[in-house]
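Heads up, the thing below is written out as C-alpha cells.
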Protein chains: 2
Amino acid sequence: MALARMLERYLPILVWLPHYRRELFSHDLLAGLIVTVMVIPQSLAYALLAGLPAVVGLYASILPLFAYTIFGSSRTLAVGPVAIIALMTAAALAGVAAPGSSAYIEAALVLTLLSGLMLTIMGLLRLGFFANFLSHPVISGFLSASGLLIAASQAAHLLGITASGYTLVALLSDLIAHLGDLHWPTLAVGAATLAFLVVMRRHAKTALIRLGFPERLADLLGKTGPVFAVAITTLICWRFDLATSGVAVVGDVAGGLPPLTLPGFEPALWKELLIPALLISVVGFVESVSMGQMLAAKRRERISPDQELIGLGTSNLAAAFSGGMPVTGGLSRTVINFDAGARTPAAGIVAALGIAVATLFFTPLLHYLPVATLAAVITVSILTLVDVQAMRRTWRYSRSDFAAMLATLGLTLIEGVEAGILAGVGLSIGLFLYRTSRPHSALVGRVPGTEHFRNMARHHVESSQRVALLRIDESLYFANARYLEDTVYGLIAEHPGLDHVVLICSAVNLIDASALESLEAINARLADAEVTLHLAEVKGPVMDRLKHTDFIEALTGRVFFSTYSAWRELNPTSAGTSQAVSER
Amino acid sequence: MALARMLERYLPILVWLPHYRRELFSHDLLAGLIVTVMVIPQSLAYALLAGLPAVVGLYASILPLFAYTIFGSSRTLAVGPVAIIALMTAAALAGVAAPGSSAYIEAALVLTLLSGLMLTIMGLLRLGFFANFLSHPVISGFLSASGLLIAASQAAHLLGITASGYTLVALLSDLIAHLGDLHWPTLAVGAATLAFLVVMRRHAKTALIRLGFPERLADLLGKTGPVFAVAITTLICWRFDLATSGVAVVGDVAGGLPPLTLPGFEPALWKELLIPALLISVVGFVESVSMGQMLAAKRRERISPDQELIGLGTSNLAAAFSGGMPVTGGLSRTVINFDAGARTPAAGIVAALGIAVATLFFTPLLHYLPVATLAAVITVSILTLVDVQAMRRTWRYSRSDFAAMLATLGLTLIEGVEAGILAGVGLSIGLFLYRTSRPHSALVGRVPGTEHFRNMARHHVESSQRVALLRIDESLYFANARYLEDTVYGLIAEHPGLDHVVLICSAVNLIDASALESLEAINARLADAEVTLHLAEVKGPVMDRLKHTDFIEALTGRVFFSTYSAWRELNPTSAGTSQAVSER
C-alpha cells in the first residue's frame, strides 16, 4: 500500500491512466491536434530567439511532453520552449560560444541538462517552497522587462537588420546604428504580419461570433492567427522568391526525428553555466507553477509544487538528450490546450506525436518561412507580459513593493535578465527584513469597564504611571532584537516612575535565540533599574520553548495568561494587589 | 538651534566637552595611562597577525583614537587593531601581495581607507540597522571559529616554525609538515609566557586580594600579565642574546611619529578589496557596537549605532592616512579602559598621546621582544572567544539557530573567515524566511459561554460545520502567500459543508502586495465554491492599507471587529442570522 502511494506520488500518471475512458480521449485528441498546429510557429520562433536552429524548438516540444505526461502533476500544463527562458538561454550562452555554432548548440544541451538535474533534485528534496521567495511584484517587473527586451530584439528581425545584445541599451544602440541597413521587403512582411496578428487578436473572436460561430469555436479560431500568418507569408515568400531579394528565411531545416544527444562533460563549461541554469530553473518553475495553480483552481484540482519540479526536471532531461533546449510550462500553449478542452496529460502525448510527425515530414515546407513572420508572432504574444495595470496597482498599495518591482524592471532592462532577477529577489527579502526589523509596538491601556486593551495613542483608555503595557506587533528575531531593547530602554528612560513593564506577546509567533538574549538583557537591565519585567499572552508554541530557558528562570516578574489579568494584578487601584508580583 | 542639534548629533564631543571638569580629568588621565601600557603589546601582536610590521599596530592606535573621541558616541570604547579584524585583514591581503612587502603594506592602507569610507557613508545614510542581520548565534559561531584559527596560526610562532594559511586544514597540515623544524628555545620562551599569562589571568586577582590589595586595584594589576611578560622576555632575550640562537624577535622598529600616508588609487586593487572591506567593516562594527551597548547599559547611557558607524569610519580613515591598519572597538582595550575608570573619551586622547610618546622614544626597546611572547599574548586573549557555553545554550533552545551557528563555525574553519560570515548571514536569513514561509495557523472555536476563541486541536470548544474560523499566526508576505492559499483550499476541500471562512488576522502585522494577490485569488476561488470569505480582527495599520484596494471591494463577506461578532453573526444557532452576511 505504502509503495503504491509513493508510486502515485512520484508518478502522477498512475492516478489518471487506470481510469482513462474513451470519452476523455476524444477531448484530449482534439486538444492535442489543436496544440500541434498552434505551437509549431512558436517553437520555431523561440529556438531562434535563443540563438539556436529553428528545428531545436520542435525537438524540444516532443520528448519533454512525454516526460511531463508521466511525472507532471498538472493535468493541462503544456511544456515546451517559452520566450523568457529562450531569452535567458541566449543571455547565458552569449559569453560561451558564437550563436548558431556547434559549440553553442552543445552548450545549450549542457544548460538544459543542468537545469533538468537541478529541478529534479530540488523536487526530490521537496524544495518547491523556494519559488515563494520570488514575490509577485518582482516576477511582474521581471516579466515586463523581459517582454520589452524580447520585443526590442525582435524589432531587428522585423526591420531586416542585425542587432544583438542582452540589455535594452545594447539592443537599442545597435538598432539605431544599423537603421541605415533597413530592408524594405522584410519590413513589409513583418509589418503586415504584425498588423494581421493584432487585428486577429483584437477582433477575430467578436467578428466570428457575429458571423454566427459558437463562442468556443470563435475563440479558438481567433487564436489561429499565427498559423495563418506562417502559412500565408511562407507561400508569398516562396511564390515571389523573396529570399533572393534579401528577406531572411528559416532555410533548410534538418528534418527527421529528434537525434539522441549526449551533453558533454566539460568542468569549466558546467561551472560557468551553473548559475544561469539555476536562474533558468527557478524562473521557469515559478512561471509554470503559477500558471498550473491558476488553471488547477479553475477545475477544483490541486497541483503539487514539489511534483511539478520533478515533472519539469524530467522534461528538461528529456530535452537535453533529444537535441532540445530548456523548456517549461508555456503560458500560451497551456492556455490553448486548456481552452481546447484537454482533460488529461494524454492531450500532451497527442501533441507530441503530432509535432513529431510534423518534424519528420513537413520541415521542408518551413524553408521559405520568413524570420520576420516569427518575429511578429513573438512580439505580439510577448507584449502581453508588459503589465502596466499591475504596476499601477502595486504603486497604489505599497511603495516598497513597487520599489522592488521597479528595481527589477530597471535592472533587467539595463543589466540583463540575471542581474534583474537576482536584484529583485535580494530586494524583496531585504525589504521584508527591513520592515520586520523595526516592528510596530504600542503602549496599550484598558478600555474603561472592559477586559479589552487598545493603543493609548489611538483611543481613550485607562493607564497607569507605574505599569507600562507594551504590545509587540511582530515576531522577535535577530533582525529586530536590538530594536526591542532600544524600545524598552527608551520607555523606562521616558517614564521614570515605572515599576512594571508588561510585554504583550499576542502577535509574537516566534522568539529566536538572538531575541532570547535580548530579552535576558532587558530583564537584567530593568532589574538594575528596579523595574519588574512581565510577559502576557504568550502563545502556546512560543511558551513551550521558553519554559526551559535561563531567561524564564531569571525573569523578575510573571507570565500572565491575559493582559487583563496582568492589569488586575499589577494595578493597585483594582482588585488585586501589587504584592502578587513577587510570587514567582 | 537646529544647527546646534545637528552638530551635536554628528559631533558627540560637543555634548560632553563643554561640561568637562577637572575632577573628570583625573579619572580619564589614570585610565588613559593604564590603557597606554596595556595595549602596546596587543597592538604589536595584532599587526604581526595581520602580516604587517609590528609598528603599524602602534600607528593604528594613535590618530584613530583622536577621530573616535570627536565622532564616536560611546564614552568608554577604545579603538585600535583587534584580533578578528587583523585575521580578516591577513586573509583579505593574502592573494594581493606577499606579507611584509611594501605592496602588502600599501594594500593594507587601501583596505583601511575603503573600510573607513564604507563605515562613514553607512553612518551618514543611517544604515546602522544592517548590523542586526548578523544573528547572535552566527556572531558567536564566527568568533569561536576565528579564535580557533588565530590560536592555530599563533601555535606556529610558539613552536618556532613557519605555517601559513587561512583555514584550519591549511594551518594544521602546514604545522604538522614543519613539526620537525621545532625550535626548542623559542618553544621555551613561548610556553613559559603562556603559562605565566594563564596563571596571571586565573589566579593573580584572588592572590592580590588575599595579600590585602583593594579589589579594583587587584583586578587591574591582574590584567598587567602581558606587560610583564613583554618586559621580562625582552630583557631575557637581550641578556642572553637569544636572537642569535634563533629565537625570532620583533627586530628593528622604525620609530617616530606615524607617517602621513596616502593610499594609492589602483582600480583593480580597490575592486578586489571591496568585498573584504565590507565584511571587515560589518564584523568590526558589530563587535564594537555590541560591546558599546553592553557598557553603555551598565552606566545607563545610550549609544547611537548610526553615530558609531561614523565614529568607527573616521577612525579607519585616520588609520589609513597615518600608516595604520583596519581598526575597531577592541574588547580587551575597552574593558581595561572602562575598568580603569574612564569617564569620557578624553581618556582615549590620553592613551593616544601616551602611545605616540612610546612610538617616538621607546621603539628601540622592542628590538629584542620575542615574537613567541606576542603569540602567547594573542593566544590567551583569543581563546576566550571560543564560547562553548553559548553553543550548548543555543542547542538547547533552538535547533535551527544552532544549525546556523554550527555552519558558520564549520565554514569559517574550513573555508575561511569570509565564507564563514557570508554563509552565516545567508543561513540566518534563510532560516527565518523558511520559518515564516510556513506560518502556523489554527482552526479556532468558541470557549463555551465566553467571548474567547481557542485552537480546536488543543481545547474543547464550540465549532460549526458551516463556519470555519481560521486564525493566522504570521504576517502575510510573498514567502507565505502561496502557503496560505494552499491552507484555505485544503480547508474547503476537507470540509464540503462550509458556507463561511473567517480569517482571523490578530497576528497579521503586514500584508504585502503578493499576499494581497493571494487573498484576491482566495476570495475568487471561494466565491466559485459558494463559500463566503470574511476577515476579523484586522489591525489598524493593516486595515488602513486594505481600505482602498480592489480586494476589499470584491470581498464576498465582511470585515468583523472581533472574532466573537463574526461568530455571532454567522452562526444561525446564536442571536444573529446568516442573512447578515450579504449586508455589504
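Any Cβ shown, glycine's included, is placed from N, Cα and C.
Features as listed in TrEMBL:
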type     : residues  : note
TRANSMEM : A:29-48   : transmembrane segment
TRANSMEM : A:54-71   : transmembrane segment
TRANSMEM : A:78-98   : transmembrane segment
TRANSMEM : A:104-125 : transmembrane segment
TRANSMEM : A:137-162 : transmembrane segment
TRANSMEM : A:182-200 : transmembrane segment
TRANSMEM : A:220-241 : transmembrane segment
TRANSMEM : A:273-292 : transmembrane segment
TRANSMEM : A:342-362 : transmembrane segment
TRANSMEM : A:368-390 : transmembrane segment
TRANSMEM : A:402-434 : transmembrane segment
DOMAIN   : A:457-570 : domain 'STAS'
Residue numbers, six or more beyond the limits of the transmembrane segment (A:273-292), whose CB comes under 8 Å of its CB atoms: 73-74, 77, 79, 82, 84-85, 88-89, 91-92, 96, 107, 110-111, 114-115, 118-119, 122, 128, 130-131, 134, 139, 142-143, 303, 305, 308-309, 312, 316, 326-329, 331, 334, 417-418, 421-422
Contact ranking winner - A:29-48, A:78-98, A:137-162, A:220-241, A:342-362 against the transmembrane segment (A:368-390), Cβ under 8 Å: A:137-162
Most Cβ pairs under 8 Å with the transmembrane segment (A:402-434), selected from A:29-48, A:78-98, A:220-241: A:78-98
For the domain 'STAS' (A:457-570), the number of residues DSSP places in helix, strand and coil: 53 helix, 21 strand, 40 coil
Proximity verdict for the transmembrane segment (A:78-98) and the transmembrane segment (A:137-162), three or more C-beta pairs under 8 Å: yes
Cβ contacts under 8 Å made by the transmembrane segment (A:29-48) with residues that lie 6+ beyond its boundaries: 54-58, 60-61, 78, 80-83, 85-86, 220, 223-224, 226-227, 229-230, 250, 325, 330, 332-333, 336-337, 340-343, 346-351, 353-355, 358, 366, 369, 371, 373-375, 377-378, 381
Cβ-Cβ under 8 Å with the transmembrane segment (A:342-362): same-chain residues at least 6 beyond its ends: 13, 16, 20, 24-25, 27-29, 31-33, 35-37, 39-40, 43, 55, 58-59, 61-63, 65-66, 68-69, 72, 75-76, 78-79, 255-258
